[in-house]
Structures are given as structure tokens and as C-alpha cells.
Amino acid sequence: MVAGNWKMNTTVLEGIALARAVSELCTPGMVVEVAVFPPFPHLWPVRGALGVGPVLLGAQDVFWEDSGAYTGEVSASMLAGWCDLVLVGHSERRHLLGETDAETGRKFAAGLRHGLGVIVAVGETGDERDAGSTFTVIDRQLDAALSAVDEPPPTGAWLVAYEPVWAIGTGRTASPEQADEVCAHIRDHVAERTAADAPRVLYGGSVSADNAAELFSRASIDGGLIGGASLRPDQFARIVAAAANAAR
Ligand code: PGA
């Protein structure tokens, strides 16, 4: 899967144009799943722009309750039935907005409860990596998500995105070896904890048209969560092509 996280970028009209450009890259039955994550106000018009094509539509966040007095929040029940995916635990939510592991877990559970495919983002900060605690941090974040659900979700119902915080938006990508090592660890940890096959594991953090092929060639990396480069259709097209090559 190649997923474009637009973050807080684009006007609605720019978002529609970008969604059309992404749609044009994709044909039904292609080997790579392609998804876009526009800002909330764009979701409905982008749904229209994507039409019945194969591009999946996802929300960048979701709230854990279904309805009620939660000013500014959007629930999974509001997205269910017409959005395909939801992203939870993105590092910007965890680190800029103070979201806790437990809150991410509740969002994970809410998305699954409403039949949305959930991408759980995990990742260590630079200091945590330097202190040798990368795996401890990743395990804690994964365990918090999995503890929020009664049963381990079916393999196809969710994905993990490994996004080292120090690599997001910095132009400093994890090396393919570093990324592959952590993605392999995630796979093993989830399989051990759930006694089920691990879901797909994506890498995110300064993925570009120039480094995508090498990252995607690694055995434990099943695709990418793309920030900055997903706003540029030419770059995004090359990243999708790299994933298609790796999948063949
Ligand atoms: P980036 O963002 O590709 O701009 O580093 C990735 C992400 O935050 O998902």
C-alpha cells in the first residue's frame, strides 16, 4: 500500500485536483493499493472526485466516542460506509497534540468497531533511538493499541505504519536497513502477541521518489505512508510505481 497523508495542506479545490491526479495513476486490479488521507473538510468532495475508482479514502484521525458533546471531533460512525481507512496515533498527534497511547488505543478500537481499516502509526523519537529504546517504545505503542480491543483484529482489518519521529518531514529517511529491522520487529511482536499473522507494515518518514524503490525492496516493508511527497502528483506517481515494481 502507498498512502498519501496530506496533513493540514491544500484548499478543498486543490484537494479535489490532487485526488483526480492520484486517481489517474490507478487502475482497477493494480498490485498496489493506493490511499489518500485529505483533511476532514475535503473528505466528502474527494470521495466524489475518486468516484468508483480503486483509490482508497482515509481520515487522518478519529475520535473514540460515536456521538455527543465533543466539540470539534469526528467519530468513526460518521465516516463508516463511505471512507475506507482511518489513521490513528500519527506522531504529530502524539507529540504536538499530546495524544497518549491509551487515547490512540481507543481510536483504534473505534475505527475497527465501525469497519474502517485502521493504520496505527508508531515510532521512536531521535532521543529514544539514541538511548537504545526503539523496540521498547514501539512495543509499548503497539500493546496499547492491542489492549484496547477484546479480540486481536483480523490481519486484513488493520496496518501498522512505522514512522520514526526523527525522519518525519526532516528529509532524513531511516536507512533501508534501519526501517526493515524495525518493520520486521513489529511483525514478530504482533504475531507473538496476537497469535495471528501480522498485518501489513508500512514505512513512513521522508519517503521520496528517489528513495522509495530501495525502501520497498526490503522484505519487511509492505509500502509507505507518504507526507510531503504525496502533495506532488509527479513524485507520488513515482513512489506508487516503485511499490508496484517491488510487489511484482
Ligand atoms: P513525510 O511525512 O513524508 O513528510 O516525512 C510522513 C508522515 O508523517 O506520514
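Note: Cβ is positioned from N, Cα and C throughout, glycine not excepted.
Binding of substrate is attributed by TrEMBL to ASN5, TRP6, LYS7, SER206, GLY227, GLY228, and the same site annotation extends, among GLY29, GLY169, to GLY169.
Proximity to HIS90 (active site, electrophile), defined by a C-alpha to C-alpha distance within 10 angstroms, is shown by the following recorded positions from TRP6, GLU163, GLY227, GLY228: GLU163.
Note on the recorded positions LYS7, HIS90: the fewest other CB atoms within 10 A surround the CB of LYS7. Residue with the densest Cβ environment among the binding-site residues ASN5, SER206: ASN5, by other Cβ atoms within 10 Å. There are 29 other Cβ atoms within 10 Å of the Cβ belonging to GLU163 (active site, proton acceptor). Shown in sequence order, SER206, GLY227, GLY228 are the residues of the chain, 6+ apart in sequence, with a C-beta less than 8 angstroms from the C-beta of GLY169 (substrate binding site).
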